[in-house]
Amino acid sequence: MTQNIPLAIVLGVIASLCFATGATFQHDGIGKQFDESAESRTLTLKRVLSMVRNKHWLFGTAMILIGALLHLIGVNMAPVTVIQPVGILAVPFAVLLAARKNRTRPTRMMLVSIAIAVIGIVAFTWFSASSAATDTILDGRMILIASLLVFAVAAVFAVLGAKGPLGARCLAWATSGALIYGLATALMKTTLVAWERSDHLPITHFWANLAGCLACYAIGAWAIQQAYASGPAEIVVGCMTTIDPLTAVAFGLLVLGEGANIDLTAGIGMVVMGLLSALGVVLLSKYHPDAARAYEQAEANRLRNQSSGGPGATDTPEQPSQEGSTR
């Protein structure tokens, strides 16, 4: 497909809005699967199947699929290093949607955290786009090794999401899912390129990349649903729109040859800005009122269950006040 970077960026912005809307509705649907006093909020197969009948979750899924389609078109019209970071716009979109739904105002630290993440990823995009190579190199061995490495790191975060401290589980699950989704985007690019070069490459290149891409989307979706069950949608969206593009861009630069034109200054700038955007997401997970409240409530439930000798207490602990005024 002919390169059209401006149109690809516009499609990326619309896809970000679709993703933020879908994330908000999916989070609402998953939240209905748990009691507020539940200590464990891990999605079981039974709960996953019950979500198929939830209208909020289904609408959210439809919006995410529409966003994914627009994103797919955009990725095929521009380098991964250009179009992928545009997804950071889903963070302010998600915060505004959540504020409207809950009739609350975002706290000052939430806004500061979002600003840090957005500034970091925008600067990261500028560094990557200014020197990105448009030609894509397909090396099956390198793609396989890099994919396995990403999966290994994602597995570590998945374990932290399942067994780690309560306050870190949402961030850990979201990071795991975002890593895999970032890999999915990169494999989507390799799949499209393999198809376009099918006259020169064995057809097995196309099918192998397509299978990997679909597997990533399935596994990533499972991890993200666990993240929605563990914390606020804004934290999940923040992780997705930061870790996801960082992973995809790193894959494009190091594995697909899109970093051939990057000099030392641009490389240092990308590393610094990438760390800055990740810091913004960590701060958002720390200062989001819903995340702090959920952690304190879950911790109170755990201590109460230990003192009573069983998991079935019925009293709901008093919820701590959260920063932010109600309109």
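Residue numbering: from 1, along the chain as shown.
Quick reminder: no glycine exception, Cβ is built from N, Cα and C everywhere.
Bear in mind that TrEMBL entries carry predicted annotations, made automatically and left uncurated.
As the structure is a computational prediction, the values presented were derived from the model and not from experiment.
Record features, source TrEMBL:
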{"type": "TRANSMEM", "residues": "6-25", "note": "transmembrane segment"}
{"type": "TRANSMEM", "residues": "56-74", "note": "transmembrane segment"}
{"type": "TRANSMEM", "residues": "80-99", "note": "transmembrane segment"}
{"type": "TRANSMEM", "residues": "111-129", "note": "transmembrane segment"}
{"type": "TRANSMEM", "residues": "141-160", "note": "transmembrane segment"}
{"type": "TRANSMEM", "residues": "172-194", "note": "transmembrane segment"}
{"type": "TRANSMEM", "residues": "206-224", "note": "transmembrane segment"}
{"type": "TRANSMEM", "residues": "236-256", "note": "transmembrane segment"}
{"type": "TRANSMEM", "residues": "262-284", "note": "transmembrane segment"}
{"type": "REGION", "residues": "298-327", "note": "region 'Disordered'"}
{"type": "COMPBIAS", "residues": "316-327", "note": "compositional bias 'Polar residues'"}
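Simply put, out of 6-25, 80-99, 236-256, 262-284, 6-25 has the most Cβ pairs sitting under 8 Å from the transmembrane segment (56-74).
Panel annotation: around the transmembrane segment (206-224), residues 140, 143, 147, 154, 158, 161, 173-174, 176-178, 180-181, 183-184, 187-188, 190-191, 194-195, 198, 236, 240 of the same chain, lying at least six beyond its termini, place a Cβ under 8 Å from a Cβ of the stretch. Within its own chain, the transmembrane segment (141-160) is flanked in space by residues 168-169, 172-173, 175-177, 179-180, 182-183, 187, 190, 209, 212, 223, 247, 251, 254-255, which lie at least six positions past its ends and keep a Cβ under 8 Å from the stretch. For the transmembrane segment (111-129), the list of distant contacts is 79, 81-82, 85-86, 88-89, 91-92, 95, 238, 241-242, 245-246, 249, 253, 262, 266, 269-270, 273-281, 283-284, 287: same-chain residues at least six beyond its ends, Cβ to Cβ under 8 Å.
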